[in-house]
Every structure is written in structure tokens, then in C-alpha cells.
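Among the features that TrEMBL reports, transmembrane segment is placed at 5-23, 35-53, 65-83, 89-111, 118-139, 145-164, 185-205, 217-233, 245-267, 273-292, 304-326, 338-356.
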Amino acid sequence: MRLNLIQLFTNSSTFMCLIYIPLFAEQLGATHTQIGIIGAVYGIALFISSYMFGRAADVHSQRMLLYISFATSALFFFFQMFATTPQNLAFIRALAGFSAGMFPPVLISYVHSLKKDIGKFSSFGALGWTAGALIAGIIANLKGIFFLSSMFFLMSFILLVRLPDIHSTKQKQSLFSIETIKKNWNIYITYFTRHAGACSVWIIFPLYLKALGAQELVIGLIYAINPILQFFFMQRLKTDNSEKLIKIGYLASTVAFASLCFVTAYYQVVFSMIAVAVSWSFMYVGSVLTLLKHNTDKGTSIGLLTAVISIASVFGSFIGGGLYDVTGGLFLTQIESYRIVCGFASVCSALSFIFYKPSYYESR
């Protein structure tokens, strides 16, 4: 139960800040370009950290790495409230991203080492996103949100006490884990393609909903559909054929984003969000289980997946905003431009579905 609570608290903390950082940056006088840069800096720091500490999880004490991550995250997430310019906010977000990027691959590797249910554990991450969004909305105070996010990491630090330590077997690895990348490239490249497409939608999705007539409260409720359903779906994903889950996830993602191209009212996106929840639940749990099954350097392989997710969010955000601006300059309406971005995401998911080969590991 402690590990599930840690997953809940840490994901709540990161998500509540992720939602409100753009508003805080705007208050500090940041332009839309600077807000994008602040988001990119956080994602890049997360990418680097996930890779580094995923590798570290295979050679060092996993519990000690988690202590370091939670302690530094509590510190730097607290420091966010003291930012006074877009520039120093970007610097603090980089530190926060690096500290928060440490724990996901280490925590998954730790949970697997303790023989815990990965699907159930992952579901509490989705529940954390929901809790983070709701709590942040209730607080409605930026500095209060940053303070609470810090406290959540501190609580995770405390919950880690008395949990058993896992002494990893030291493994000889190349500096850039080339062998691990080559072995699992089928998962990494298709996951990157799908997630970059998805993030191109999420960067403009609130604006799309607003253009369809949704008010702020409705937008929040629509966003809540995805993580709430993920919580229930992930707990029930128990299968020996984890690669089949990945294929189903990519197919559901293709359908989800394609359906967004045809909505004419905000309430019609409910079906799409249900499909997105199915998609992420299946492809994420399936990918994690597949990597844990086929790799001895489990922390490294999961760290690379987390890094792929982080860097895909950076690329996807830039692509989504840029594609919308370009299509908007072609005399298309606002709604038509949003639909083109959704169509792009659907194509990315379809490519991942086509090129992911479940038999890849068997052929090696």
C-alpha cells in the first residue's frame, strides 16, 4: 500500500504543477514562446534524468536513489514559488524536472523487484493525475499549489522509510546503453511516434474544446475522464501476452484521435477520451511489462521508456503549436486547424500500430 501511495502522491505533485505553470509564467510576463520554452526545458531535464537514473537503478541501491529524488524534488518544487522572472522560472523548472525524472524508472524497477502488480501500481499514477487536478482546482492559489506539491514529495520520502532495500546486481553497460536501445528499439520508436502525435493534440486541446463551446469547468471534467478510467483499466490488465496490449493500445489511439476530427460539439469528445484512456492503459502497461520481461537491465530499459515519453512531449508540443499556426495561415478556420492536428496524431498512432512487431523479440 505504501508504494501505491507514493505513486499517488508523486504523480499528483507533478501534475498539479504542470497544469498551472503556464498561468504562473504568464503572470511573470512570459510570452507564449517563453512559456513553450519553459515547458521544453522541463521536458528535456526530465529526459536526461530518466535516462541517467534508469541506468543507475541497475547498479546502485534503488531505495537510496528514491530518497535522493524525493528530497531534491521536495526542495525544487517548493522553490518554484520564489520565481520572479520567466528566466529564473525556467531555471527552477529545469531543476524540478531533473529531480522528478529520477524516480519513475527507479520506482517501477523497485516495484518489479518486490514482485508487486505493475498494472495496479501504474493505475495509482493515473489516480494521482486526477487528484492533482482536483486538489489544484480547489486550492486555486499558485503558491499554495507549489507548497503542497513539495509536501507530497516529503510525504513520499517518509513513506519510503521501512520499505526493504533492493541491492541491484552490478552490470557492465556501455555509456549510452546502445545494446539496450537496439534490443528494444521496436518499442521505443513506435512509442515515441504515437506519444509525439498525442502531445501535439494536448497542447491545443483546451483551445479546441473552448472553440467547441466548452466552459472552463466542463474542460476540467473532460480532462478528468482519461485518468479516472485509466485507474480502473490498468488494475485489470493481467495477461502473459503483454505485446498484444501494445498493439491494442496503438489501435485505440488511432481511433481516438481520428474521432476528434469529426466532433461538432464538446460533449461528443467523451467517446474520444474513453478511447484515449484505453489506449494509454494498454500501451503503457504492455510496454512496461514487455521491457521487464525481456531485459536484465530493467531500470535502464524503463528509464529509456520514460526518457522517450519526456522527449516526445517536447517534440509533440512544438509540432502541435507549429502545425496549428501553419494551417491557420492557409485560410482554414480555427476548428479546421485543430482537426488537422488531431488527424496528424491519428496518423502517428496508425504508423505505430503498423510498424510495431509483436514477434520482434522472438526473432532476435
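Any Cβ shown, glycine's included, is placed from N, Cα and C.
What TrEMBL says about a protein is an automatic prediction, not a curated fact.
It is 118-139 that, among the stretches 65-83, 118-139, 145-164, 185-205, 304-326, forms the most Cβ pairs under 8 Å with the transmembrane segment (217-233). At the 8 Å Cβ threshold, with sequence separation of at least 6, the transmembrane segment (89-111) comes into contact with the transmembrane segment (5-23) through 3 or more pairs.
Panel annotation: around the transmembrane segment (304-326), residues 36, 39-40, 43-44, 46-48, 50-51, 54, 101, 104-105, 177, 180-181, 184, 187-188, 191-192, 195-204, 287-288, 291, 337-338, 340-341, 344 of the same chain, lying at least six beyond its termini, place a Cβ under 8 Å from a Cβ of the stretch. A Cβ distance under 8 Å defines the sequence-distant neighbours of the transmembrane segment (5-23), meaning residues of its chain 6+ beyond its ends; these are 35, 38-39, 42, 70, 73, 77, 80, 89, 93, 96, 100, 103, 107, 121-122, 124-129, 131-133, 135-136, 142, 145-146, 148-150, 152-153, 155-156, 159-160.
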